[in-house]
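Report on the structure given below.
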Amino acid sequence: MGIRCSTWLRWPLSPQLLLLLLLCPTGSRAQDEDGDYEELMLALPSQEDSLVDEASHVATATFRRCSKEAWRLPGTYVVVLMEETQRLQVEQTAHRLQTWAARRGYVIKVLHVFYDLFPGFLVKMSSDLLGLALKLPHVEYIEEDSLVFAQSIPWNLERIIPAWQQTEEDSSPDGSSQVEVYLLDTSIQSGHREIEGRVTITDFNSVPEEDGTRFHRQASKCDSHGTHLAGVVSGRDAGVAKGTSLHSLRVLNCQGKGTVSGTLIGLEFIRKSQLIQPSGPLVVLLPLAGGYSRILNTACQRLARTGVVLVAAAGNFRDDACLYSPASAPEVITVGATNAQDQPVTLGTLGTNFGRCVDLFAPGKDIIGASSDCSTCYMSQSGTSQAAAHVAGIVAMMLNRDPALTLAELRQRLILFSTKDVINMAWFPEDQRVLTPNRVATLPPSTQETGGQLLCRTVWSAHSGPTRTATATARCAPEEELLSCSSFSRSGRRRGDRIEAIGGQQVCKALNAFGGEGVYAVARCCLLPRVNCSIHNTPAARAGPQTPVHCHQKDHVLTGCSFHWEVENLRAQQQPLLRSRHQPGQCVGHQEASVHASCCHAPGLECKIKEHGIAGPAEQVTVACEAGWTLTGCNVLPGASLPLGAYSVDNVCVARIRDAGRADRTSEEATVAAAICCRSRPSAKASWVHQ
């Protein structure tokens, strides 16, 4: 499941139709299907406009739409222009499309023009004009509008806020907060006792009509979802971040349905508010989900670049969250839902989404919160919307303590201090268990109590696909440093992994092999102040038994090892050794492999290797870094018949091998998981710890 892309072609305009259009009065007005009128200007084509009529002109833009047919909204399209397009060019492009359409007897309506979040415009038009629109100058792609949905069907506060922290107040002495949360949802009953005086109802309203001619808009029902979530975020009694200010933007109708375009306009509204009246830290809660949308993910990325923290529901479809937006946006903190037993939420035949796009889970089952039935009523709701609201509240509390925290720091701290290994992973599909995080959110302690700790997380790539030349790429956030790269293949057929530069950013790339079923790249992404990293490469030695590489720059320490094979040789394939017996602190690989050492320098950075081996049959071996140390690199050392790969799970290195239950295995053939553990002590010098 994903997006389908296609390029549309239009047919040449007939001479008779062209003559008819030219005979029409220049200032005539056309009526669209909604009964609204729009000024259309018909004129002889200019030399520039006539270029589009050349048969040789081929559209370079692409057309995208939701993979779920029932969620599509044909006839409404977001025309996305190149990132560097200027405001005047956006207006000219929209006007040109109107002009070209009018010559062909079509009326289109420009519903909204985007300037502040991305260059583009929302247009209502016939699908017959898509081929024409794709040939417009500056157009990067066109995305058909689609639906998004609300994701909902006092143990929760006890779970995410430890008892010793519940007595602390995270707001200022007068009970206020400098953090503002924007909620994109249904309307809200702002007079409820839980949130009274804390909610600002904006004049923003961008929702589709409700389905069904007999639908009755009951105010309390229309406000239900938004009121409940507002109470979860900042309610007086049932809220997480008590005292936090909320701004309500209505993007979901009374049935809990909205559109991608309405959500985009809502995000741009927030950006405009930022520009007009800069304020303190902003958190945007997106308790909704629709099919994968490139433009919605891009809009989230652009808003995140301005310092806004976005928190999104993973979705309630018991499916891979990467297939939905905004959950799949890398710049969004994506939240799945658990119940009171810290297990994945089941909602009838569906349940919480999962997979590599989920950052962590939070309470999302039978959550007590404000009800819109009356100003003192309460009700329970379930879903990943409620889970996302909990994390939005936690983020607001963290920012209220330390407004300077960035998105990368917030995410890393949420991961570090989450409750780990409590979820029964058997609930998830087998192929998703290794990708899905086993973490439930809790409120982290203040930064003063944990300052200086090296923070790292694991980022998985999408699956590469099965072709022999297929690759997979995992990327860190711009603020993070890529300290190591590894790979994993369920078939074991892979040509290794390496760190390389793409578009000015270091990325982790994994290579599939002939006969392989695909591969994952696994990046270890860390926050390390004043770090300077470089990759040292050694090509295949060929003549010698091993290929060694080490950190030769002064004060640089080894944080990761990787290798790759230029020529496939599965019989000889082995992971790189992290050291030889006489020379610790270097990567040593097979003579036919190119070996890469990730070497970094930062004030007080010190690293060491920790190993654990099993001589008998084993499908996986693990080794963990001690308290105070952070895992930066993970490898499986030779000994297994065929290693499937290695990856980091929080602070644990996991080495996976194909079932190697041979009775004649010896201790020298033990499968070994090797972890590189580092810590940052700013007062000390960078060093390698010999063990």
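Backbone N, Cα and C define each Cβ position, glycine as well.
According to Swiss-Prot, the features are:
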DISULFID  C222-C254  disulfide bond
DISULFID  C322-C357  disulfide bond
DISULFID  C456-C526  disulfide bond
DISULFID  C476-C525  disulfide bond
DISULFID  C485-C508  disulfide bond
DISULFID  C533-C600  disulfide bond
DISULFID  C551-C599  disulfide bond
DISULFID  C561-C587  disulfide bond
DISULFID  C607-C678  disulfide bond
DISULFID  C625-C677  disulfide bond
DISULFID  C634-C653  disulfide bond
CARBOHYD  N532  N-linked glycosylation site
MOD_RES   Y37  sulfotyrosine
MOD_RES   S46  phosphoserine
MOD_RES   S687  phosphoserine
REGION    449-691  region 'C-terminal domain'
SIGNAL    1-30  signal peptide
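Rounded to a whole number, the distance between the Cα atoms of C678 (disulfide bond) and C587 (disulfide bond) is 16 Å. Of all the disulfide-bonded residues in the list C625, C653, C678, the shortest Cα-Cα distance to C357 (disulfide bond) is found for C653. Take the disulfide-bonded residues C508, C533, C625, C653: by the count of other Cβ atoms within 10 Å of each Cβ, the lowest one is C533.
According to its DSSP assignment, C625 (disulfide bond) is coil.
Sequence-distant contacts of C634 (disulfide bond), defined as residues of its own chain at least six apart whose C-beta falls under 8 angstroms from its C-beta, comprise S484, S486, R524, A646, Y647, S648, C653, V654, A655, A673, A674, A675, I676.
Sequence-distant neighbours of C525 (disulfide bond) (same chain, 6+ apart, CB under 8 A from its CB) are C456, R457, T458, V459, C476, A477, E480, E481, L482, L483. In this structure, of the disulfide-bonded residues C456, C599, C678, the smallest number of CB atoms within 10 A of the CB marks C599. Close to the residue listed as 'N-linked glycosylation site', meaning Cα to Cα within 10 A, are the following disulfide-bonded residues out of C485, C599, C600, C625, C677: C599, C600. Secondary structure at C551 (disulfide bond), as computed by DSSP, is coil. With a 10 A radius on its CB, C485 (disulfide bond) counts 28 other CB atoms from all the protein chains.
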